[in-house]
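Summarising the annotation, Swiss-Prot assigns [4Fe-4S] cluster binding site to CYS53, CYS57, CYS60. Marked as [2Fe-2S] cluster binding site by Swiss-Prot: CYS97, CYS128, CYS188, ARG260. The domain 'Radical SAM core' annotation in Swiss-Prot covers 38-256.
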Amino acid sequence: MAHLSRWTLSQVTELFEKPLLDLLFEAQQVHRQHFDPRQVQVSTLLSIKTGACPEDCKYCPQSARYKTGLEAERLMEVEQVLDSARKAKAAGSTRFCMGAAWKNPNDRDMPYLEQMVQGVKALGLETCMTLGTLSDDQAQRLGEAGLDYYNHNLDTSPEFYGNIITTRTYQERLDTLEKVREAGIKVCSGGIVGLGETVTDRAGLLLQLANLPTPPESVPINMLVKVKGTPLADNEDVDAFDFIRTIAVARIMMPTSYVRLSAGREQMNEQTQAMCFMAGANSIFYGCKLLTTPNPEEDKDLQLFRKLGLNPQQTAVLAGDNEQQERLEHALRDADNQQYYNAAAV
């Protein structure tokens, strides 16, 4: 199916209903038209402010409403964040994402957030933040500081959304994405598979993303990480083929976007991850932790890359960053023996 400027639910449902191998073949063809199939973007995610979030997202251990044993932490000092960014770069990351457990940032925190963005960019890394809902002014300030990407996930379809979150409307999420666009910041937005949604809900999520005025440049597809103490802790496991199918449909619908294999990789074996890359995933988070949930260690990722013939993508902001390229090549050669710093530990 050719890429459409605007998708309908029936067209997306038709993709989900395709035989899996046919779907993977189409997704891989689309992927090769727009990307080097051997290149994978490598990002690191750091929790710069952990826990005590007032929202009620049923999947999230950072919500103050659930007893998950997570200790709340205040906003990190700027230099602490920059130190983690330096170590992330040394381990091979080219993109550094900073997440804060807020409904929305307070204006008094904006100067520190701006300094974090400026400092990380000065290291030659792409920058991304996820801070919750933004005002017009906050989005403009982050844009002026040089923020490259802003992450704000839609999570699921509009129809299923109210079963998962009640403290923030779907429209608020869409409004924040619009403000980010208007501030000149690229959009990172995706969702979660395994919330209890139907295939129609998965189609509805991707429909919302692909039909935005400009589709997100980055689309993280998460597999639910079930955390004891959250309302979704006992949800049924996601079938691996259903997850792979979602990746493939996302690739076909948003052919020029990075599709990120995000949370839940710790639960996936190498074969499942390999099929996700075949389905068009071309970005991962690198490091043992995604905010507060487990993620494969860096050396395991590099070993898998080597087995599959994949290479970390060179996307450093500073041109001619040969030192970083040498680090990555060295890491790939020595993946069996080296241990890498967990830049996302908090």
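Here the Cβ of each residue, glycine as well, is placed from N, Cα and C on the backbone.
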Handout entry: Alpha-carbon spacing, CYS128 ([2Fe-2S] cluster binding site) to CYS57 ([4Fe-4S] cluster binding site), which is rounded to whole Å
Key = 22
Practice task
Please report the number of other Cβ atoms within 10 Å of the Cβ of CYS128 ([2Fe-2S] cluster binding site).
Solution key: 24
Problem - Additional residues around [4Fe-4S] cluster, ordered along the sequence, whose Cβ is within 8 Å of the centroid of CYS53, CYS57, CYS60 - result: GLU55, ASP56, TYR59, PRO61, GLN62, SER63, ALA101
Exercise for the section: Averaged across the domain 'Radical SAM core' (38-256), what pLDDT does the model get? Just tell me the whole number, please. Expected result: 91
Exercise for the section: Can you grab the distance from CYS60 ([4Fe-4S] cluster binding site) over to CYS97 ([2Fe-2S] cluster binding site)? Cα atoms, rounded to a whole Å. Expected result: 18
Fill in the blank from the handout: For the binding-site residues listed (CYS53, CYS97), most other Cβ atoms within 10 Å of the Cβ sits at CYS97
Handout entry: Euclidean distance between Cα atoms of CYS188 ([2Fe-2S] cluster binding site) and CYS57 ([4Fe-4S] cluster binding site), Å
Key = 19
Fill in the blank from the handout: Taking the centre of the Cβ atoms of CYS97, CYS128, CYS188, ARG260 as the [2Fe-2S] cluster site, the remaining residues of that chain with Cβ inside 8 Å are SER43, LEU45, ARG95, THR130, TYR149, ASN151, SER218, PRO220
